[in-house]
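**Q** This is the structure I have questions about; it appears just below.
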Amino acid sequence: MSSEREERTFRSSPVQQDDVRENISNENQEHPSPNPPSYASSMAESQTLLPKRPIIGGQTAKLQNKNRTSVHVAFADLPRDLPEIPDGISDRRRVHKEQQHLGLDTTPPVPPRPLSRLRDVNSHDKLPSIRSPRNLNYQPSVRSSRSGSIFDDAPSMAPPGGSYVSYGMHDDGSPQRPWTPSSRVSGFTRSDLSRPPPSDGMYEPSDLNGSPRPGTPSSRYGGSPRRPLPPAPLFSNSRQPVPPIADDATISIPLHDTYDDDVFAPESDLSDARPHPVDRSSYMSSESQDTLNEGDMEDYDKVEHYGPAPTGAQERRGVRAPQMSRKEVQLINGELVLECKIPTILYSFLPRRGEVEFTHMRYTAVTCDPDDFVERGYTLRQTFGKTVRETELFICVTMYNEDEIGFTRTMHAVMKNISHFCSRSRSRTWGETGWQKIVVCIVSDGREKIHPRTLDALAAMGVYQHGIAKNFVNNRAVQAHVYEYTTQVSLDSDLKFKGAEKGIVPCQMIFCLKEKNQRKLNSHRWFFNAFGKALNPNVCILLDVGTRPSGTSLYHLWKAFDTDSNVAGACGEIKAMKGRLGANLLNPLVASQNFEYKMSNILDKPLESVFGYITVLPGALSAYRYHALQNDETGHGPLSQYFKGETLHGQHADVFTANMYLAEDRILCWELVAKRGERWVLKYVKGCTGETDVPDTVPEFISQRRRWLNGAFFAAVYSLVHFKQIWFTDHTLARKILLHMEFLYQFIQLMFTFFSLANFYLTFYFVAGGLTDPKVDPFGHNIATVIFHILRYACVLLISTQFILSLGNRPQGSKKLYLISMIIYSIIMVYTTFATFYIIIHQLTSKDDKIEMGDNVFTNMIVSILSTIGMYFIMSILYLDPWHMITSSAQYFILLPSYICTLQVYAFCNTHDVTWGTKGDNVMKTDLGGAVGKGETVELEMPSEQLDIDSGYDEALRNLRDRLEVPESPPSESQLQEDYYKSVRTYLVLTWMIGNGILGMAVSEIYSARGIGDNYYLRFLLWSVAALAVFRAIGSTTFAVLNVINMIVEGRVRLSLKAPRWMGGLKERVNDKMSSVSSNLRS
């Protein structure tokens, strides 16, 4: 019976009989091990359940065919320090049998686990293990922490080495993966092999595309298709948590101290990590000694695992991109035009829903130049269907990369102005439906430059929708994306919705998103030549994003054109945005600009309006009569000259013209007034005001003034050179005389601007040098002389430094240097102002010198101060706006040297730079996809597919294989242009610098610093300043008087004057005379 039992044992064992029979028989003779009767049958059953297929791979121990005798056994080299097997039955087994006999065995059975396999690189050093099928009744080992195993009654074999990687024991709560090697075992259909019920924890679904999660927004929109969601944790439902591991390698430590009498006692691992699975059939196969590691790896690759951790920013869970689909669309006149429904949420609270303009947003992909917009058959909603309307007022809002705060500030103010138009119920032009005569056009310069939040604001108003724009239509590049919608809601600067309950009326909006960044001049060409030509409006208003017009400003601008048919352009008052309670005025830079803007609107603009020619209508808030802008039959006119600067290239471009177009708002002014055969005039409207942001940092301030100063200088030169064009206009003789007086005034101003640097130095030299006289020295001990020489040398060095900085450094890269220079200039100005007032006070209190009005220092100083500061106060009070004199005048006078030196030096040294600080975008983008089709039908494709990426890669490989030579490109037009402008810049800077240097050195050598009374040049300088100030005041006063007369004539101020009866018809004759005088002044 013993031999038969051994025969059955060897027949069932996975080890080769010929190789191990002798070792096992010897061990059984010394220490016989009791075998349970069911052992052989259990092993036979396990062999029938496992498939027997060969797998090729690396070397390890396997079952061999019985007829093969000379085969190397992998576990022959066992460790030499194995524990010795004791004689007889062990104490542990004896105690275990006694507990079984008495029924005291309380060891809980462990549920069966799925079949697995062990994986180890050094498999030839390990003893092959055997795992029995599930749910078989085995006798458990003594005091074992796990259920009974087949090893409890296995033949006596040596334990594995210390490098053996044990199988991590898991609870039955571990979910079964969708595919594992154990699933290949046929015949297992028991419930213990099925996946356990889901746990209570919430985690991402295991579906690749991300199925919805309960209780999250993704249950409505679905998961994100861009990122595969990880499956549920492997041991989410296990009863015992698995501790984290630091390494995949595990170390097996035999517990000899506790189970020194049991060779097959359980081993403890330092790590509970689950090792890599190994195919169990490799141990049960009897065909080859070689296992197939490659096949094992193929099986392992099919096992689902977590994968690497995602890198970079991840999308918010529950939100995904809109699903795109392909649709066939019918072209309209060969062009792509789409009518898109507005969002449901926006539609839900609209008060008006009866027309398509309220329920659908219209998208047009424009593939032509703006000059060909109408000729190519493009239309706007106001030109066809039920929405055919006459456009009275066309408003243009240009923007580049401004944020949503600046955009909503401007747009909400515009919509409140439209509400004011509709509130004028007694007007013959406006009224309740007045909004139908107003169209607002927003032109954005560059699709990739626009601020994303600004697009969000437009989308909230219903004007813009993401995902419908295309880069090309039938292989024609799209130049601009045009969105049309009549919105009924507005967003204020606090990003709060305002609707009909706040008085907001519908607003017809056109949003033109240019594909490329081509500067502001091109944006105006889209407005005037494309949309203006299609709508043919009466008045066009230009606004910049960030400017906030007051509630009635646009009405006052339009009214100026309605009351005077000779007005071709008008502008309002630009105010600096002072912030809440004037907090921005704490910044000296903002305060100085506030003073400058105020005095320009009090002195300069009214004077120029009296003459009829305003040198600059600010683009931030101005208006033009569209009919006056049109070209004549030969194509020459204001618009042709205005857009001439957009096509200047290379050395053929005129540097004066290029710089003049930096201040493009000055060009239309001259072209309108000097238009042949017309009598157009420009007007300043005092009732129109608009607030705008001003630069609050030094680099931004210098860059802005560089454009303004160069544009103003070259535009003034252009108008003075071409002043003869006025002779060919239809202006009256009186108007032509007034215009020539203005040209003379501009010429004098231009000369003072050109020599302002030398005049500043000479003023400082003579005034501050006047304190060096020991009789006048306020400090004594020649301290004033030391201070004067220090400041004099500092001024000369500072001016020289300004040239070096301006020629080689950008303001953004030299913030501290420019700031330090402005601080030193302020110190020089403060000392010069102190010297001026001290000299005047010394003359008043001196006993030796008599106070006389005449040719002396006292008279010259008093006249100069009263003509500047005094005149500023008087005119500000006359216009009932004196507060800037209190809050901002000191900051302006302190920073005045910086205006003269820093700004003008930088401007003249950068006349070669004719850009706005941005470069044109000439690269064709294809990120939006295109509309491709045949005939009148196109198919809208999704963005780039994998096939497109592969084709581009293949083309690159073919170019490398064929070694295609890249031709050398000639010098670019931009490089030629830059070289030419730099040469002109050098000549201009040299001329300007030498001229100012000669004047300063000559006058300083002729007149000493102490002889102020005999200084004729200083006398001329002071009296010239006074004369110019008085001239400006006269013009401003004339404007105010004419306004009063105009109010009287129009009946807004009624005078009830009763004449005596004996005077007869004198009253009627006086009224007729006043009417005739008013009509002559208007002409």
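Glycine is treated like the rest: Cβ placed from N, Cα and C.
Pulled these features from Swiss-Prot for this protein:
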type: REGION; residues: 1-248; note: region 'Disordered'
type: COMPBIAS; residues: 1-10; note: compositional bias 'Basic and acidic residues'
type: COMPBIAS; residues: 18-30; note: compositional bias 'Basic and acidic residues'
type: COMPBIAS; residues: 38-49; note: compositional bias 'Polar residues'
type: COMPBIAS; residues: 61-70; note: compositional bias 'Polar residues'
type: COMPBIAS; residues: 78-100; note: compositional bias 'Basic and acidic residues'
type: COMPBIAS; residues: 117-128; note: compositional bias 'Basic and acidic residues'
type: COMPBIAS; residues: 132-148; note: compositional bias 'Polar residues'
type: COMPBIAS; residues: 177-191; note: compositional bias 'Polar residues'
type: REGION; residues: 260-294; note: region 'Disordered'
type: COMPBIAS; residues: 282-292; note: compositional bias 'Polar residues'
type: TRANSMEM; residues: 708-728; note: transmembrane segment
type: TRANSMEM; residues: 747-767; note: transmembrane segment
type: TRANSMEM; residues: 785-805; note: transmembrane segment
type: TRANSMEM; residues: 820-840; note: transmembrane segment
type: TRANSMEM; residues: 860-880; note: transmembrane segment
type: TRANSMEM; residues: 889-909; note: transmembrane segment
type: TRANSMEM; residues: 987-1007; note: transmembrane segment
type: TRANSMEM; residues: 1020-1040; note: transmembrane segment
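How about a rundown of where these features are and what they're close to?
**A** If you look at the transmembrane segment (860-880), the same-chain residues 6 or more away from its ends with a CB under 8 A from one of its CBs are 598-599, 602-603, 836, 839-840, 843, 889, 1012, 1018-1019, 1022-1023, 1025-1026, 1029-1030, 1032-1033, 1036-1037, 1040.
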**Q** Does the transmembrane segment (747-767) come close to the transmembrane segment (1020-1040), meaning at least 3 CB pairs under 8 Å for residues 6 or more apart?
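**A** Yes, the stretches contact each other.
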**Q** I'm a bit unsure how to read this: which one of 747-767, 785-805, 889-909 has the highest number of Cβ pairs shorter than 8 Å with the transmembrane segment (820-840)?
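**A** Most contacts with the transmembrane segment (820-840): 889-909.
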**Q** Between the stretches 747-767, 785-805, 889-909, which one has more Cβ pairs under 8 Å with the transmembrane segment (987-1007) than any other?
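**A** By the under-8 Å Cβ criterion, the transmembrane segment (987-1007) pairs most with 747-767.
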**Q** Which sequence-distant residues neighbour the transmembrane segment (785-805)? Criterion: at least 6 residues beyond either end, Cβ under 8 Å.
**A** 757, 761, 764-765, 768-769, 771-772, 777, 779, 814, 817-818, 821, 824-825, 827-828, 831, 901-902, 905-906, 909, 989, 993, 1009
